[in-house]
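Per TrEMBL, these features apply:
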- 22-159: domain 'Nucleoside diphosphate kinase-like' (DOMAIN)
- 30, 78, 106, 112, 123, 133: ATP binding site (BINDING)
- 136: active site, pros-phosphohistidine intermediate (ACT_SITE)
Ligand code: UDP
Ligand code: MG
């Protein structure tokens, strides 16, 4: 039997962490989601899927931060209303980590317009109008990096080993 040096991760553990370590997404429960008591439900869905929570804060976001967060949309007619909506109460800002978490996170959210979102998705199950669609999720790996940097200091994103890792990844 080959002896294993326990201070080094096994090949399987190393492969799991290299596949997982590469992706994080920024998820935020918007003010309507907070007011409607959907914070727990939303966190539950990401937890139960198997994604790993690595940062979270409950915060009243400034207008300045929100304008920057949605800067790509600033030419669009709904932009001022969007910033006002996002500034109308506290939000829960989070970073979730896992394999393909950006794309899968978007699938879990549903479409931007809840009317086009299938039942089983967060927007499909809990909201009706595009301007009150309860949750934000990064749309690409690059925007996730930008958004995480905007909402969190590097030391607020926690690195830890999940005991469920080898039960979630093969
Ligand atoms: N939004 C809106 N009216 C629109 C389109 C978007 O109020 O016609 C809001 C909505 O809250 C949406 C946000 O602007 O979530 C950002 O728009 P984006 O196209 O980035 O959609 P998302 O990435 O959130 O699905
Ligand atoms: Mg977007």
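Just so you know, glycine gets a Cβ as well, placed from its N, Cα and C.
TrEMBL annotations: computationally assigned, not manually curated.
Features as recorded by TrEMBL, highlighted on the structure.
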residue : record           : DSSP class
30      : ATP binding site : coil
78      : ATP binding site : coil
106     : ATP binding site : helix
112     : ATP binding site : coil
123     : ATP binding site : helix
133     : ATP binding site : coil
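For the ATP site, whose annotated binding residues are 30, 78, 106, 112, 123, 133, the maximal Cα to Cα separation is 21 Å. Checked against ligand 1, the binding-site residues 30, 78, 106, 123, 133 give 78, 133 in sequence order as having a Cβ less than 6 Å away from one of its atoms. On the backbone, the CA of residue 106 (ATP binding site) and the CA of the residue listed as 'active site, pros-phosphohistidine intermediate' stand 9 Å apart. Calculated from their C-alpha atoms, the gap between residue 78 (ATP binding site) and residue 136 (active site, pros-phosphohistidine intermediate) amounts to 16 Å.
There are 13 other Cβ atoms within 10 Å of the Cβ belonging to residue 112 (ATP binding site). Cα of residue 112 (ATP binding site) to Cα of residue 136 (active site, pros-phosphohistidine intermediate): a distance of 9 Å. Scoring each of the recorded positions (30, 106, 136) by how many neighbouring Cβ atoms lie within 10 Å, the top position goes to 30. The residues of the domain 'Nucleoside diphosphate kinase-like' (22-159), classed with DSSP into helix (H, G, I), strand (E, B) and coil, number 68 helix, 26 strand, 44 coil.
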